[in-house]
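According to Swiss-Prot, the protein has these features:
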type     : residues                                                           : note
ACT_SITE : 410                                                                : active site
BINDING  : 52-53, 130, 176-178, 196, 201, 242-243, 263-267, 273-274, 322, 492 : NAD(+) binding site
């Protein structure tokens, strides 16, 4: 019997102001853990899988129950340690220490590969935490919508003279991360064709308004795209098909999309990518009987897809890797020029990282959408001169369906995170908000990740693989008083290819919270500016000087 599987479980986080724990500092991690497993949030909540192949919130159901039990009894001078989804210890600390410290799927580098991890996973000794699955701050597909939107807007500026009118995107994957692409694309003015092998995922994205239409043949999907481009009204289409088949077929037909990318779970060839010609049922069975054959077949199909992406790039498509390590998988299968198209971070996002700008997010523990709308208004009030940001907030309110607890993603940087957080804390204090909010971010941020095939690809000084930075980020956030801090391995791109840290802090309206918020939400993005300044980026050096960062080796 698999201790991770229980179809009878239906987890819904409590809402309102009644506490199940001894304070908001422990109530918040409990609610956010539960929210990660909400049926509208998680991909396979009955298996504790939140997103990204096998990204879990807890190691098994026994561990989940024990985490909740401990959080409900935890005092405000105690810290719970969670090791790969298992609560292993409670220790006396102090009131400004984190209430929870999490480490997920970390392996000594020589053994940091899927084969070793999968053996540990089978024995119940490890858990893959992805990025925000095991750190309890996943907010559904909204969590990546704005970053994807910003990337697509940047692509329009770089490749199409600033206009996406009549342009269309080809991509793959409608899981927890990939599901953001169709909505982000149409928000940015493109039509989007997304290939997905699991019809239930297409239906889920239709229900939550991330996808506009479903197609079962390529001809049907292309007709929908053509009609939308002719009418000037962008459309997103979920096509029930294997991405490798479709990408290769478009090359064969001589059809060239304007933008090509992919967000299948290629980072995990065993669990995340369906080989060409296989059914979902066949793959599920083969994973039990012949893992090596599944991995081999999946990587061969990825090689087909990447070859097609390279061919489409040569035909004129703006082509980018959206951070799932598909280029690496294809390279290992003999596609020697797999890295001829760039990753999205060095191509489009790094200038933002240089100013500490990244995926700042918050969730309303009240469960009341009005609390989010009030914070949206506060962001506009405090950042009045950023029409692009205002436009994002307006579109998000109009077009993004909340999944689980109401939440918002908003890319802001060093200059703004702490002051927004302090304003939210004051809104809790004066009763404008009906309950506290939690403030966190993705691990995909400027100072919190080392990932040579994604966030730290092609660093100016060649320091792509140096992972001191996310370790220092986690330690500094712990010292600064975050409510929970996490340190993970393998998120986004798979085992052996990344290390990264997460941070979440509660704004409960108290003066103590204000002090912690001021420290954490200044120091956290400041580490991103520091990391990029150290690598030699002028934008980061200028930002560090403007903001008065004390970086001893930076020339004054």
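Each Cβ is built from the backbone N, Cα and C atoms, and glycine gets one as well.
Features per Swiss-Prot, on structure.
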residue : record              : CB count, 10 Å
52      : NAD(+) binding site : 29
176     : NAD(+) binding site : 28
196     : NAD(+) binding site : 26
243     : NAD(+) binding site : 31
265     : NAD(+) binding site : 28
273     : NAD(+) binding site : 30
410     : active site         : 20
492     : NAD(+) binding site : 26
In three-state DSSP terms, the structure that residue 52 (NAD(+) binding site) belongs to: coil
Alpha-carbon spacing, residue 243 (NAD(+) binding site) to the residue listed as 'active site', which is rounded to whole Å: 30
For residue 243 (NAD(+) binding site), the three-state class that DSSP assigns: helix
DSSP-derived class (H/G/I helix, E/B strand, else coil) of residue 492 (NAD(+) binding site): coil
Distance [Cα-Cα, Å, rounded] between residue 196 (NAD(+) binding site) and residue 410 (active site): 27
